[in-house]
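Each remark here refers to the structure printed beneath this line.
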Ligand SMILES: NC(=O)C1=CN([C@@H]2O[C@H](COP(=O)(O)OP(=O)(O)OC[C@H]3O[C@@H](n4cnc5c(N)ncnc54)[C@H](OP(=O)(O)O)[C@@H]3O)[C@@H](O)[C@H]2O)[C@@H](O)CC1
Ligand SMILES: [K+]
């Protein structure tokens, strides 16, 4: 698991380390690491580096990195955005090593963004934004790309687009929630001072290790039967995709109940299809909502699923119905896990606007509904009712296509039926889904059915990762 720590926690850890190391030691460790990453980016014959230097420690890092680069024979110039507040020791070291202070970046082969780091608030200041707009070279961001909020990843205006970000001590939420390019972590000795992270991201190998694998004594029932209550005469495709995803996710059985039974049977002869939820038979988890509609009969289906006493994934129309008719919550069996999988508009219907802090929004909704909330996005945020938060980054944006959510809900449902912890089930499903999208797409747009077909390859890749 890769942990991510919020600014408040990083500051506290830094303070404890600073209390026992010589003055400036942490910054020099950080800057030395940044200089090493910068050298690795200077691959061409010319080695001219321009620093954008803000008023605080981030600018100090950039100036000290400039000092180390100078000592390796690199030509380094610095734009001081607040000359009177530039980091004094950093600036002195930079000048001693032969660094030049300039008014604008000019022609350089690499830009080091030391405008602002952990103290970032709001969008880039206009003067900083002007220098950023003029950048015409690869960018190495120090700690984080300036203009992006360290804790929320929110971008309120102009911001630096980094090719690489070098960060220190530990990853921060911004590194998973926003595009920071390739992220390099430099150890500055914070490790022992950092307790459990605020957010975490599963490694591929962990997802692979959690993926249910049938044992010798397993059969189609012991691996968990997934029920799919989705689709309608108008939208049979959602049922076909969700059922297919559940079938491909595990070797457990899949029962489909609803108006799209004929279409589902035609696509997936191995599924057990019935026209109605009342005669669906026993399942270990239900997926409800995709393409179901929001009319009275759909409400009846949702109610029956919520009362069934097994874990439920509520997606799409199920979320809309829960938002429109809060009485439906009364049908829920208390103590039975529920996973809600909204996109932003569905989230808003259910729990108000997502706002800039997606993690806080997901946590709030998870606590309010006593459910796992999987808030979809390029970085999907998954919050458990117990306060745990996981994030899942999509490699590309190729999964953002019609029907893709139906596949995801089927994957989550199958993992719930296999009795995975609900937050873990949602996170493993999100990773398999993103991996399948990348494998299927290989750089070109894909429909959801292609993503679905790539699910077995994704599981193989994760299990061998
Ligand atoms: N502590 C340590 O031991 C270590 C710290 N380290 C390094 O220090 C960094 C933190 O340094 P820090 O706290 O001094 O502030 P920092 O982020 O440089 O901000 C400077 C000033 O920028 C301004 N500003 C704010 N928002 C802005 C915006 N959107 N756009 C433009 N400007 C904006 C604001 O000033 P204002 O404009 O409000 O007057 C603020 O005071 C950390 O990220 C890491 O790189 C490492 O060396 C490891 C050891
Ligand atoms: K920065």
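Residue 1 is the first one shown; counting continues down the chain.
Backbone N, Cα and C atoms are what each Cβ position is placed from, and that goes for glycine too.
The domain 'YjeF N-terminal' annotation in TrEMBL covers 10-196.
Cβ neighbour count for residue 58 (K(+) binding site): 26 (other Cβ atoms within 10 Å of its Cβ, all protein chains included). Summarising the annotation, TrEMBL assigns (6S)-NADPHX binding site to 57-61, 117-123, 143, 238, 291, 343, 406.
Annotated K(+) binding site per TrEMBL: 58, 113, 146, in sequence order. The Cβ neighbour count for residue 146 (K(+) binding site), using a 10 Å radius over every protein chain in view, is 27.
Feature annotation from TrEMBL assigns domain 'YjeF C-terminal' to 203-462.
Cβ neighbours within 10 Å of residue 405 (AMP binding site), excluding its own Cβ and spanning all shown chains: 25. Per TrEMBL, AMP binding site is recorded for 376, 377, 378, 379, 380, 405.
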- prompt: Which of the binding-site residues listed here (376, 379, 380) have a Cα atom within 10 Å of the Cα of residue 143 ((6S)-NADPHX binding site)?
  reply: none
- line: Around the recorded AMP site (376, 377, 378, 379, 380, 405), other residues with Cβ within 8 Å of the Cβ centre, ordered by sequence, are 343, 375, 381, 392, 394, 430
- request: Tell me, in order along the sequence, which binding-site residues from 376, 377, 378, 379, 405 have their CA within 10 Å of residue 343 ((6S)-NADPHX binding site).
  value: 376, 377, 405
Message: I need the neighbours of the K(+) site defined by 58, 113, 146. Which other residues of that chain put their C-beta within 8 angstroms of the C-beta centroid, in sequence order?
response: 52, 54, 59, 62, 114, 115, 116, 117, 141, 142, 143, 144, 145, 160
Statement: If you measure between the CA atoms of residue 378 (AMP binding site) and residue 146 (K(+) binding site) and round to the nearest Å, you get 20
